[in-house]
Amino acid sequence: MGFLMGTCGGQSQLDERTGAFEMGPAVEAGGLTSNPRTASATGNDHEKARNERDRMDMRRIGKSSELKRCFKGFHLFAFALILGNTSPWAFMSMVFSLTNGGTAGAIWMFVIVAVLMLFVVLSMAEMASMAPTAGGQYREQLGGSSREDSRADEKTDWVSEFAAPKFQKFMSYMAGWYALLGWQTSLVGTALAAAQLFQAVIVLYNPWFASKGWIGTLITIGLTCLATFINVFAYKKLPILEGFAIPLYVFVFIAMIAVFWVMGDRGGEAVFTTFSSNGWQNDSVSCMVGILAPVITLIGSDSQAHLSEETLDAARVVPRAMVATALANYSFGLASIVTAMCVLGPDIDAIRNTRTGVPVVELLLRTTGSVSATVVLTCLLGLLFVCCLTNNVTTASRQLWSFARDKGVPFHQYFSWVSPTKNTPMRSTVFTLLLTCVLSLFNTFSAVALTTLTSLSLTGLISSYLLTVVAMLSARIRRATLPPSRFDLGPVLGFMCNAVALIFLCVVLVMMFFPTTPKPEPADMNWSVVMYGFVTVTMLVFYFRRAKYIFDGPVTTVSSQWNTATSDDRTVSAPASVALLKALFPKLAKIL
């Protein structure tokens, strides 16, 4: 269940009538089995309260728990911290900012993106508290028992809960596919980054070694197989690894920062004022094109939401963990990118065109003057990317499993199967492995593949975020009734967060399709727009030919959906300016 988890407990059984794998009482309640001889009464009371809240949340969205609830607050925070891997990604992606924006562009664009991305995180955290499901952006089907039986045909998710009824099902389906696209293709970039670091180690010890694309592909496939093995077969060993990843992450961060600041040649104020246009008409456009680097570093704010059904007291824990992880990651990332830019020195071209193929490795070698020290730090960075890859497999496979459970993909019955012995979505996990292996073959034929696949992953995730925020913002404008939230932003702050997030995501989505140079050759083009278009057309064809009739769509009666909620429903109020806009543009308000 990811690289960082708590010890799981509970019994399970196979439902002979439906063939579905159901959790026993302890697990379906969201709890962990404990030794009654040692557990305190107070601890049991707290655990029962959390379990009861999880049961009520799952009944409200009509789902039974099919996965063990193993995550608590710190486990979820640690999982996402390693999955975000912000500090290593900041060092690895700095080459994009150096090309477009320069040192000043890298620093200031990171700050701007971090601030604006926080609005996205806050928006999604509130939605995660309202609907703590593994599906995240797209819908979850309402089944239900007892009082929910009369509403068995109603549906709920982030998009379909908040979008206008006319567009609920279609927007929900699109959000699910874009999230699927983003997470499934994100593994390639992570695995290739680790492969590049390990190839750089070979180059350091063997200068005669010529790195080839096929070598990186083989390493990528091997690392992905390792991450998949850990997710499937080393389930009982994960709690042991939990205490290993976070200290490693903190140690590598401190070591990198200390080495650069103590041994490096620090730059002056010019680092914060020197921009690079790279042939674009001005520095502003160049910095906007270079936005790829900070977005790579900070993306993935929905990762914890896909583990909601494996988290104790998810409605409270998940949104708080999302915000806490975001603040921690942004701090680690900012310190890393400022440090890297300050010790680059004047000869930036030598860093960019290093024989190792990885600028941060060349920077370490030049700073330390020691091959051995550089190799050690490079291997530690690579190990962090392997940990990140392991968590990436977890999130991507859970997202596919949840979407297949709602019949949103072809062969949904196959991919929605949960192993009764491993308690994991085995088939979804194996498919994630196979797809990553196939996509990694692109690296064999083209050096631009990593950038293209990275852009494709980002555009998929950003598109899913965008649809979610649009749906939530439309609900606020329509003054729709929303489910209870234990992370309530309120009408004014909530509206502001949604509006800022919407504008930011629209700008980023457009910039993701830009090439890195103003007059690119065909080999230098950003072909992610072609792949993005192909996936969009494919999902539309599948929707109108098949999924439209079988996909478990959105809610049909939003106002009655939360009759059994744990607290009073609330009607979202929009600021007075929104009422004025609705009066001036009634047709637009009707659409929203």
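Glycine is no exception: its Cβ is also placed from the backbone N, Cα and C atoms.
Annotations in TrEMBL come from automatic prediction, not curation.
Database features, via TrEMBL:
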type	residues	note
COMPBIAS	32-43	compositional bias 'Polar residues'
REGION	26-52	region 'Disordered'
TRANSMEM	73-91	transmembrane segment
TRANSMEM	103-122	transmembrane segment
TRANSMEM	175-202	transmembrane segment
TRANSMEM	214-234	transmembrane segment
TRANSMEM	246-263	transmembrane segment
TRANSMEM	283-300	transmembrane segment
TRANSMEM	321-348	transmembrane segment
TRANSMEM	368-389	transmembrane segment
TRANSMEM	430-450	transmembrane segment
TRANSMEM	456-477	transmembrane segment
TRANSMEM	489-514	transmembrane segment
TRANSMEM	526-544	transmembrane segment
Beyond the flanks of the transmembrane segment (368-389) by 6 or more, those residues with Cβ under 8 Å of it:
3, 82-85, 88, 91-92, 187, 190-191, 193-194, 197-198, 200-201, 204-205, 223-224, 226-227, 245, 248-249, 251-252, 255-256, 259, 263, 358, 360-361
Answer key: the stretch among 103-122, 175-202, 321-348 with most Cβ pairs under 8 A to the transmembrane segment (489-514) is 103-122
With the greatest number of Cβ pairs under 8 Å to the transmembrane segment (246-263), the stretch among 73-91, 283-300, 430-450 is 73-91
Distant-in-sequence neighbours of the transmembrane segment (526-544), which means Cβ under 8 A and at least six residues beyond its ends:
170, 173-174, 177, 181, 410, 448, 451-453, 455-456, 459-460, 512-516, 520, 551
With the transmembrane segment (430-450) as the reference, which stretch in 73-91, 214-234, 283-300, 321-348 has the largest tally of C-beta pairs below 8 Å?
214-234
Residues sitting near the transmembrane segment (321-348): Cβ under 8 Å, six or more positions beyond its termini, same chain?
73, 76-77, 80-81, 84, 86-87, 89-91, 94, 97-98, 103, 106-107, 110-111, 114, 117-118, 121-122, 124-125, 128, 253, 256-257, 260-261, 264-267, 271, 294, 297-298, 301, 304-305, 360, 363, 366-367
If one takes Cβ-Cβ under 8 Å and requires six or more residues beyond its ends, the residues near the transmembrane segment (283-300) are 80, 83-84, 86, 89-90, 93-97, 99-102, 105-106, 108-110, 112-114, 117, 186, 189, 275-277, 329-330, 333, 337, 451, 454-455, 458, 461-462, 507-508, 511-512, 514, 516
